[in-house]
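A.B. asks: Handing you this structure, nothing more for now.
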Amino acid sequence: MWHPTLIAEALFAIANIFSSLRLISLFTANSHLGPLQISLGRMLLDILKFLFIYCLVLLAFANGLNQLYFYYETSAAEEPHNCKGIRCEKQNNAFSTLFETLQSLFWSVFGLLNLYVTNVKARHEFTEFVGATMFGTYNVISLVVLLNMLIAMMNNSYQLIADHADIEWKFARTKLWMSYFDEGGTLPPPFNIIVSPKSIWYLYMWLHRQLCPGKSRDEEHKKHENFKTFTVSSHPRHRDPIIKHKDDVFLSYSS
């Protein structure tokens, strides 16, 4: 089950998903897809908030159902085709362990779990009734309450973006452009694992700033003053007096 090759293949499959989804970041440069991509980013925050509440509800009902049904766990030899779990043709032992219970409740949101999984071979009708009631209550809370709350939150986020779509898109597009001006790696992957001379220089400068903070601060202040002096001196219009009143404008033109 935990063979290194199987784990590597699974991680590589997950990496393929994330590498393909990175293309969404290019949508920001498009005027039609940009606002949609920004709305999607806002919706992801709403989904994370929803998942926090949903996981709490899921864990609560999983604890209850597992506590009720773990006494009735059966072995694979007692089930048809020697298959145990909810992936079998005839689902069984849906709530026998906590992990199996979490899986069962999750897939029940998509309608992939049958109600007969609440039955037990001992025919304890009261246990079956309580289990079915808990299972139904979970579906009502997760599907009717939480799912509609998520839809309302996502609709609100999309409306906020849609009302200011042009402004939001321009800010996001500028942020995308500015990212190309940031200093990055000298070499592309996988050659960036090799230490370059620039990396050694950056490390030296970082250590210098950490060990001599006062001197570095004075140098930065001096550079800032030199840059400000150069900017003002290179633009003569900054040295001209500013005309603030309409009479000054008339006098300046008449003279």
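Counting begins at 1 with the first residue displayed.
Cβ atoms are placed via backbone N, Cα and C, with glycine included.
Automated prediction, rather than curation, is the source of TrEMBL annotations.
Computed from a predicted structure; not experimentally measured.
What TrEMBL shows for this protein is this:
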{"type": "DOMAIN", "residues": "11-165", "note": "domain 'Ion transport'"}
{"type": "TRANSMEM", "residues": "6-29", "note": "transmembrane segment"}
{"type": "TRANSMEM", "residues": "50-72", "note": "transmembrane segment"}
{"type": "TRANSMEM", "residues": "101-117", "note": "transmembrane segment"}
{"type": "TRANSMEM", "residues": "129-151", "note": "transmembrane segment"}
A.B. asks: Other than its close neighbours in sequence, what residues sit by the transmembrane segment (101-117), given a CB gap under 8 Å and a spacing of at least six beyond its ends?
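C.D. replies: Residues packing against the transmembrane segment (101-117) from afar: 58-59, 61-62, 65-66, 69, 86, 91-92, 94-95, 132, 135, 138-139, 142-143.
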A.B. asks: Averaging the per-residue pLDDT over the domain 'Ion transport' (11-165), what integer do you get?
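C.D. replies: Across the domain 'Ion transport' (11-165), the average pLDDT comes out at 89.
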